[in-house]
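Encoded as structure tokens, the structure appears first; notes follow it.
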Amino acid sequence: MSLPVHVVFLICFTIGCVAAIDRTGFYGWSMAGIKKTISHSGVIGIILWSIGLMTSAACIRFDEAIAPTVEAPVLTQELLVYWRICSVIRAVCASAAWLLLALRPDCNVLGDTIKKTAVAEMLQRNNDLLEEVPNEYKGQLARMLGLQQ
């Protein structure tokens, strides 16, 4: 009964975890680089989203045991305490990680890297194309491509 809700939670936490990994920069294997990577708030986001993902997966068991579709639900005090703990951890992780992600909307390490690579490849392709063109058309093509001869 509660499985569709859990699927949504798992999808959202997975997307959040991937977004946190995307926003985390790696600054090298030197001691200063490792410290900079760890102090970067993206690592905290990865930890929060991962903990939320694990507690969401753990909550499935408790929700199914409490579900009213079960003929004889096992409503022990211990089960309810575990369910509450998992639910609170999931909510706190989601809220904190979302705030962490929302406070840095312009940080997109993977996207920036892809963009730089794509621009460099396009410029190189334009230069290669310009070299293949006959001399009488090079000036006109260079103006069209926005290149300098």
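Just so you know, glycine gets a Cβ as well, placed from its N, Cα and C.
Whatever TrEMBL says is automated annotation, not expert-curated.
Here the structure is a predicted model, which means the values were calculated and not measured.
Per TrEMBL, transmembrane segment is recorded for 6-26 (among others).
According to TrEMBL, the feature transmembrane segment maps to 38-60 (among others). Counting residues 6+ beyond its ends, the transmembrane segment (38-60) has Cβ neighbours under 8 Å at 2-3, 6, 9-10, 13-14, 16-17, 19-21, 23-25, 27, 83, 86-87, 89-90, 93-94, 96-97, 100-101, 104, 107, 109 in the same chain.
The transmembrane segment annotation in TrEMBL covers 80-101 (among others). Same-chain neighbours of the transmembrane segment (80-101): 9, 12-13, 16, 19-20, 23, 41, 44-45, 48-49, 51-52, 55-56, 58-59, 62-63, 66, counting only residues six or more beyond its ends whose CB sits under 8 Å from a CB of the stretch.
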